[in-house]
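Undergrad: Handing you a structure now.
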Amino acid sequence: MSSAQSKRPLQSAKCGALVGDVRVPGDKSISHRSLMFGGLAEGETRITGLLEGEDVLATADAMRKLGAKVTRDEDGTWHVRGVGVGALREPDSVIDMGNAGTGIRLLAGIVATHPITTFFTGDASLCKRPMGRVADPLAQFGAKFVTRDQGRPPMAVIGTDEALPITYTLPMASAQVKSAVLLAGLNTAGTTTVIEPKPSRDHTERMLRHFGVEVDVQVNDDGGRTISLTGPCTMTAADIVVPTDPSSAAFPLVAALINPESKVTIRDVCLNPLRTGLITTLIEMGGDITITNEREEAGETIGDLVVTGKNRLKGITVPAERAPSMIDEYPVLAVAAAYAEGETRMCDLAELRVKESDRLAAVAAGLAANGVIHRIEGDDLIVTGGVVPGGGLVETHLDHRIAMSFLVLGIGAEKPVKVDDAAPIATSFPVFEEMMAGLGTSFAPSNR
Ligand SMILES: O=C(O)C1=C[C@@H](OP(=O)(O)O)[C@@H](O)[C@H](O)C1
Ligand SMILES: C=C(OP(=O)(O)O)C(=O)O
């Protein structure tokens, strides 16, 4: 895990055309869930394409501590022997979830309705993030929580074996909160229902079905969804092929679009419609992106993205409703906007304030350090594109997406862009630097 002692400064300088054919690592959301659900199922789940990033490895360790047998073959296939819903073991030590918000929040849901006490901690970033958003609904099942001030980890979850089912309307668009509630419902007698006013990524719903759980999803008149399951549920082991991560594909995608002579193919990207907001937005901005070879694999739509830099991007307004389908992509969209003609307005980004860093503040600071004109109005970010002066130092605050986004900013800037710490990139995209170098970027260690 990253720490102040092991900061790794890196800089990115202007480079020529990016050319190549790449395949980014497995999807982080699906990888976390495959290990958790495998651990809850009866039988052995085989996982191929798992993201071997720090966040997901923390979940693998957590599932081991909770009693599942998790192993990896030399060829990269993972095996999870589950214990069955209701049969998790009380961990005999604190579970360290590192930097992983998805990991800690979904696991909190799982352990909340098991008769065990679980202690969670994480790195300095995770220990600043709010857990009240999951603790509040999970307490309604009958679980008890002890956290630091303002619901921050370390956090103890005292689970219950007499859980009462709940109906919960999400106060914010959050797949993590939705998933925590549904996962608590697995070991609860009766029907657990989540109402989400805006649809968020649905990997939990899809994968629960893959493990044999009946999940009812209704689309509401306002476009939101009502999702229910009736417990106690039995889950049956099922093999998983993890598709690649659209949130990681976003970096070579934007890099190619802002670099005029580029031509890059990104293979086998997960094109789940609740994850493709960035692609829609970049196409609206005039980006030359073609989707080829579209197909269904393991319950998800997959396709190849062929991207060129031939069109100069144009500023647009990105509507608030689109935010859940591209929530992790705003930092790199802000980078695309810095090179676009005119103004790009990104609406309603309040949720960015509670990610690995306050991403709204971190993006604004990074743009300011590199001479990019921008402003924040309420929860909207407005960026005016043009020539990017660069030359600034960006603080990444233990946030992988801030680090990768500003390294992409550097590839077209007049002066190199430095990030103070590239170490957090290993949480979600351990081969980022190698892959980007293969396309022609010019990243180099920096002494700050
Ligand atoms: O459920 C998930 O796998 C995730 C949900 C999103 O978080 P929120 O639920 O907080 O929006 C996203 O930012 C995170 O990277 C992964
Ligand atoms: C927000 C993110 O992840 P998490 O919440 O799982 O830490 C992310 O990967 O951008």
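Every residue gets a Cβ built from N, Cα and C, even glycine.
For 16-435, the entry in TrEMBL reads domain 'Enolpyruvate transferase'. What TrEMBL lists as phosphoenolpyruvate binding site is LYS28, GLY101, ARG129, GLN176, ARG359, ARG401. The 3-phosphoshikimate binding site feature in TrEMBL is assigned to LYS28, SER29, ARG33, SER174, GLN176, ASP328, LYS355. Residues or ranges marked as active site, proton acceptor by TrEMBL: ASP328.
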Undergrad: Of ARG33, SER174, ASP328, which binding-site residues are close to GLY101 (phosphoenolpyruvate binding site), meaning a Cα within 10 Å of its Cα?
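TA: Checking Cα-Cα distances against GLY101 (phosphoenolpyruvate binding site), none of the binding-site residues falls within 10 Å.
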Undergrad: Calculate the distance in Å between the alpha carbons (Cα) of GLN176 (phosphoenolpyruvate binding site) and LYS355 (3-phosphoshikimate binding site), and round it to a whole number.
TA: 12
Undergrad: Let me know the model's mean pLDDT on the domain 'Enolpyruvate transferase' (16-435).
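TA: That region's mean pLDDT is 97.
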Undergrad: Tell me which residues of the chain lie with their Cβ under 8 angstroms from that of SER29 (3-phosphoshikimate binding site), as long as they are six or more apart in sequence?
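TA: Residues satisfying the criterion: THR102, ALA175, ARG201, HIS203.
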Undergrad: So if I take the binding-site residues (SER29, SER174, ASP328, ARG401) and measure from each Cβ to the nearest atom of ligand 2, which come out below 6 Å?
TA: ASP328, ARG401
Undergrad: Of the binding-site residues SER174, ASP328, ARG359, which ones put their CB under 6 Å from ligand 1?
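TA: What lies within reach of ligand 1, judged by Cβ under 6 Å, is SER174, ASP328.
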Undergrad: Of all the Cα pairs drawn from LYS28, SER29, ARG33, SER174, GLN176, ASP328, LYS355, the residues the record ties to 3-phosphoshikimate, which distance is largest, in Å?
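TA: If we measure all Cα pairs in LYS28, SER29, ARG33, SER174, GLN176, ASP328, LYS355, the largest is 19 Å.
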Undergrad: Of all the binding-site residues given, ARG129, ARG359, which residue's CB has the most CB neighbours within 10 A?
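TA: Selected residue: ARG359.
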